[in-house]
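Here's the structure, in structure tokens; my notes come after.
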Amino acid sequence: MTQEIKQTLPPDNFNSTANLTSNAVYPSTLSISSKDINDEKAYNPFEHREVEHPNSTIGSILHLLKACLGTGILAMPAAFKNSGLVTGVIGTLIAGFVCTHTVHMLVRASQELCVVVKKPSMGFAETCGAAFSHGPKPLRSWGGAMKNLIDYSMALTYFSVLCVYVVFIGSSFKEVLDVYMPSLNLSIQTYCALTLIPLVLICQIRNLKYLVPFSAIANWPLFLSTVIFAMEGIGVVMPVENEMAKPQKFLGCPGVLNTAMVIVITLYGVVGFFGYVQYGDEVKGSVTLNLPQDEIVAQSAKLIMALVIYFSYALQFYVVMEMITRLLQKRSSTKYENVIQIGIRTALVTMSVAIAAAFPNLELVISFVGAIFFSTLGLLVPAVVDTVFQWDRGLGRFNYILVKNAVIGIISIIALVSGSYVSVVGMLKDLSSQHIHQNVTV
């Protein structure tokens, strides 16, 4: 009998993790598994990442800085105009902390979910979908729908950013050329249209790593939505983290995220404060538009910033194309791949230029985009995802995680409702005044 038992049990079954319930001869509920001696190594997503062109830690910091230091920083004096100096300084610090925290929540959830689903990396939409799929049982069926919702929302959000960039570039060149070449007397719409070909060319760059050099070169509701627009690089965060050579250095202290955001918050506070002190209520949507028109240095600064934003356009464009590229990968054939890529990229750039030409008021466009898109994707969605992800894993003492995320959600809804309302009213007035001006001219 003893010999039969020995023959029944395979040699590799005698280890610290063997469970006697698997033995058909002597069924038992006893387990001799040990937490101290575990042969199974936990899945480490960082060890399984295969990135063809990994970014260095410095390159990742540059990408995050460029994602946050776009037209938003130049709009900070206008944000201070809508809040006042004291409220502006305090609000910038609070908004900076909240935005950094929401990004941290998202990245942390993504990294932990990678371990759960055993995937080397996940994007923003995948993280949101996985949080629901592996969250509370009643919400698990929502995973696919949530992933698709975030995917399309991200594409729309960053497409709107592209429109803002076109307006900024066109406005900057108009300000300069109207002084030195007054005979041209071109409209802002024309200058926006002239950006089309250069933007189409730079957007043919398909690898994030090759954009690093370009990143290196380069009232209260209105205040809140403008600051949120300025600081939220939420869509660029996951692509940057996913393509790092050492992704474990993204979070932590100092870490890529904290280093970049400390620099961002400091610069935003300084530019916003001194820009408003200098120009007061006359400050424009971009402080560069307030620079003296009779000084070569000031005009050169406008052109340089326009070029920097031009180079940044491709980085923001990368987020939009990331989703579209995933859709293209589902095609059964790779025939005409390059033709399709070039056609889609050209069409998207053309659409952003056309929309920018139709709504050239930079301050209102920035506020509107910040209120509608970034308050939702940058604040509300990370708060919801973190709550769902932590629901069965523990919400902390006194449910502080739930309370904290609820506060963030309320802030995002306030920014969404109030900021978008004020912005839309302003845009309608602006369109109405343009229509009256055209009638008078005729």
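Backbone N, Cα and C define each Cβ position, glycine as well.
What TrEMBL lists as domain 'Amino acid transporter transmembrane' is 214-423. Annotation comment: TrEMBL describes 84-103, 149-169, 190-208, 220-238, 250-276, 296-321, 342-359, 365-389, 401-422 as transmembrane segment.
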Would you kindly check 149-169, 190-208, 296-321, 401-422 and say which stretch has the most C-beta pairs under 8 angstroms to the transmembrane segment (342-359)? 190-208
Do at least three CB pairs under 8 A connect the transmembrane segment (190-208) and the transmembrane segment (296-321), leaving out pairs fewer than 6 apart in sequence? yes
Is the transmembrane segment (84-103) in contact with the transmembrane segment (149-169), using three or more Cβ pairs under 8 angstroms as the rule and ignoring pairs under 6 apart in sequence? no
If you count CB pairs under 8 A between the transmembrane segment (250-276) and each of 84-103, 190-208, 365-389, 401-422, the winner is 84-103
Hey, would you say the transmembrane segment (365-389) packs against the transmembrane segment (401-422), going by three or more CB pairs under 8 A that are 6+ residues apart? yes
